[in-house]
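Below is one structure, written out as structure tokens, with a few remarks after it.
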Amino acid sequence: MRVVVAMSGGVDSSVVAGLMHEAGHEVIGVTLQLYDHGAATGRKGACCAGQDIHDARNVADRLGIAHYVIDAEAAFRAAVIGDFAESYAEGRTPVPCVRCNQHLKFGDLLGLARDLGAEALATGHYVRREDGPEGAELHRAVDARRDQSWFLFATTRDQLAFSRFPLGTMPDKDAVRAEAARMNLPVAEKPDSQDICFVPSGTYADIVAKLRPDAAAPGEIVTEDGAVLDRHQGIARYTVGQAKRLGAASGHVVTRIDAARRRIVVGPRGAGGREVRIAEPNWLIDPPAAPFRASVKLRAGETPHPAEIDIARNLVTLDTPALAAPGQACVVYRESRVLGGGFIL
């Protein structure tokens with residue numbers, strides 16, 4: 001079987017390429033160049049640029065597989081970085097990894113894989129794909145610490161059917177590195193990339209300030225009734241649920257962001273609501289007509305909340321109140337399986 005492997009130059013995707021090659025597949029490695037090659041060379045913590053492209057090529061040479069580099073900088077800036085800055089300027093808290101998966105890895109790259117005559121796209125994501133009675137299913141990884149299922153909720157059923165995730169059954173990262181060492185891959189001890197790959201130094205707020213200076217403009221920190229408690233240095237530095245960097249408003253939590261008035265609104269800790277509305281829903285099940293019970297995660301690393309899901313109304317009703325940050329994902333689970341989700345309004 002011809003398989004395209006998304007190779008970032010890190011240990012995870014390199015091991016995937018090696019495992020697919022050992023399984024007897026015809027492997028084609030593809031690296032999406034997301035930044036200017038020269039400017040990115042040597043940037044610690046970056047991904048998919050400079051040294052990473054060099055590492056991916058070395059791994060491909062070691063395995064004896066084809067390797068191509070695709071210039072995806074313009075698409076990445078438009079779909080990921082542009083959306084990232086715009087969201088913060090509008091008071092939302094974006095998830096750039098979801099947008100990158102949605103538009104580049106399982107959009108453009110998967111389309112390229114099909115154009116190359118491949119029968120599958122394999123990536124280094126820590127998730128499991130299982131074949132169920134209604135087709136391919138998305139499940140949490142065995143390694144709960146590295147599970148990335150929340151970030152793949154926007155993957156369509158067709159994309160999921162075409163995709164393979166060999167690392168989903170790995171017990172931990174040590175096992176992945178052991179595989180890399182066994183295959184004598186040059187990246188076996190390479191450090192992991194950081195969460196936001198395009199912010200290798202400084203802070204994400206610096207990136208937002210360059211693209212949307214209005215998001216870095218100072219403003220007021222106020223209570224729900226409008227009482228001014230302190231000043232802030234830009235709404236891009238805050239998210240709903242945040243309890244740090246509130247100055248004289250210490251002891252409160254951010255309950256919403258009023259982007260039009262450049263105000264950070266705070267309330268007592270424990271504040272929250274039960275209703276969560278979502279946009280851009282994507283479902284990996286045949287949507288039932290009636291509301292149903294499931295659990296949801298409003299942030300990647302949090303404990304799931306029991307809830308009622310009304311697909312027809314794009315409405316999630318939590319059993320207990322919680323703070324939901326606009327722009328983040330509300331992902332619906334039934335045990336280990338991802339049923340779908342959407343972006344929080």
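Cβ atoms here come from the backbone N, Cα and C positions, even for glycine.
Among the candidates Gly107, Gly111, Gly117, Gly124, the residue that Swiss-Prot annotates alongside Ala6, Met7, Ser8, Gly9, Gly10, Val11, Asp12, Ser13, Leu32 as binding ATP is Gly124. Each residue contributes its Cα atom, and for Gln328 (site 'Interaction with tRNA') and Ser8 (ATP binding site) those atoms are 25 Å apart. Looking at Cys100 (disulfide bond) and Leu32 (ATP binding site), their Cα atoms lie 11 Å from each other.
With respect to their backbone Cα atoms, Cys197 (disulfide bond) and Ser8 (ATP binding site) stand 11 Å from each other. On a Cα basis, His125 (site 'Interaction with tRNA') lies 8 Å away from Asp12 (ATP binding site).
Taking only the Cα positions, the spacing between Ser8 (ATP binding site) and His125 (site 'Interaction with tRNA') is 11 angstrom. Binding residues for ATP (Ala6, Met7, Ser8, Gly9, Gly10, Val11, Asp12, Ser13, Leu32, Gly124) extend across at most 16 Å, taking the greatest CA-CA distance.
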